[in-house]
Ligand SMILES: C[C@](O)(CO)[C@H](O)COP(=O)(O)OP(=O)(O)OC[C@H]1O[C@@H](n2ccc(N)nc2=O)[C@H](O)[C@@H]1O
Ligand SMILES: Nc1ncnc2c1ncn2[C@@H]1O[C@H](COP(=O)(O)OP(=O)(O)OP(=O)(O)O)[C@@H](O)[C@H]1O
């Protein structure tokens with residue numbers, strides 16, 4: 001699709017949940033060896049890129065005040081990386097509309113970075129392949145290649161090397177956003193500390209979970225969800241226990257911390273159950289707000305200007321939200 005020069009290129013990128021997150025040993029480079037299964041969710045950030053005089057960033061939406069507007073923003077680094085690759089200067093404005101909570105364990109910053117790569121590939125007519133974009137994505141962060149790809153995929157290495165996963169059917173989720181975020185490095189560090197101070201069980205192989213995904217039955221998938229970072233996230237934010245319990249009590253099939261937390265994700269049997277779980281969790285007051293989402297959905301994609309996170313079919317707040 002050829003874009004008119006001054007028209008913004010808008011890209012929408014999804015949040016993720018780790019259905020399985022097995023954390024191995026700490027490597028010499030400071031990262032942990034992972035075996036993870038990602039699923040992309042219908043909760044989105046939107047990034048609009050236009051030509052400008054200099055590289056500038058603006059942010060609005062969910063948690064916007066906590067997001068840096070300088071080189072500490074992942075989109076800034078994504079723009080610089082693309083500019084280097086293209087041999088040009090990044091004279092652009094990047095407008096981010098956040099639907100994904102900041103530092104929530106849902107890969108919001110990674111979504112924005114992936115969206116920026118896709119947007120600049122279009123704006124500058126670079127025609128980089130998905131593979132080339134994925135290599136650049138891996139330089140920006142471990143979750144960024146998955147934000148680009150979406151769907152359901154296994155991540156190995158530090159999570160950046162993706163392998164295909166066969167997945168049937170659509171899953172229905174409730175996401176409970178917490179007050180405040182958790183720092184990803186701090187959660188990994190806490191897991192190391194917990195492991196040093198006692199034997200903690202480690203998640204086994206993802207084989208059974210992968211089989212359940214090929215069948216597509218949420219009841220079979222639910223008991224197989226697992227996250228080695230969950231204990232560490234709870235250790236840093238003990239109130240997450242109550243949130244997880246509220247999801248189970250409300251009738252969710254499973255309740256897990258998403259990635260490094262503190263967002264909790266509740267797997268539900270169908271769309272109707274998701275709404276009732278969301279309403280009930282919201283009424284308990286254990287979290288800041290509640291959203292329903294489905295997965296898997298595609299990764300970062302250029303969108304038409306008249307659709308996006310406000311599209312009620314894509315992201316819904318649960319009525320009666322806290
Ligand atoms: C928790 C997850 O979201 C699960 O998918 C990811 O592992 C985190 O991915 P991310 O936010 O893209 O993380 P990065 O920006 O690559 O790394 C941030 C920090 O998290 C820790 N980190 C991250 C990935 C990994 N495999 N091992 C780690 O120990 C390291 O301290 C690293 O310095
Ligand atoms: N575009 C961005 N959106 C949100 N936070 C950003 C962005 N760029 C940089 N940051 C910084 O990165 C930190 C982590 O943000 P992010 O929302 O990506 O966390 P997360 O969802 O927990 O990440 P992950 O699930 O990949 O570990 C924030 O506290 C913020 O300071």
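Cβ atoms here come from the backbone N, Cα and C positions, even for glycine.
Note: TrEMBL annotation is automatic and uncurated.
Keep in mind the model is a prediction, meaning the values are calculated, not measured.
Feature annotations, courtesy of TrEMBL:
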| type | residues | note |
| --- | --- | --- |
| ACT_SITE | 16 | active site |
| DOMAIN | 73-151 | domain 'GHMP kinase N-terminal' |
| BINDING | 101, 102, 103, 104, 105, 106, 107, 108, 109, 110, 111 | ATP binding site |
| ACT_SITE | 143 | active site |
| DOMAIN | 210-285 | domain 'GHMP kinase C-terminal' |
| COMPBIAS | 313-322 | compositional bias 'Basic and acidic residues' |
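Annotated features taken from TrEMBL, shown on the structure.
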residue	record	DSSP (3 states)
16	active site	strand
101	ATP binding site	coil
107	ATP binding site	coil
143	active site	coil
Extra residues within 8 Å (Cβ to Cβ centroid of 101, 102, 103, 104, 105, 106, 107, 108, 109, 110, 111), ATP: 15, 100
Euclidean distance between Cα atoms of residue 143 (active site) and residue 103 (ATP binding site), Å: 13
DSSP-assigned states of the domain 'GHMP kinase N-terminal' (73-151) in counts, ordered helix, strand, coil: 46 helix, 8 strand, 25 coil
Cβ-Cβ distance under 8 Å to residue 107 (ATP binding site), same chain, at least six residues away: 15, 16, 100, 143, 146, 147, 259
Per-residue pLDDT averaged over the domain 'GHMP kinase C-terminal' (210-285), given as an integer: 98
Secondary structure composition of the domain 'GHMP kinase C-terminal' (210-285) [DSSP: H/G/I, E/B, coil]: 44 helix, 11 strand, 21 coil
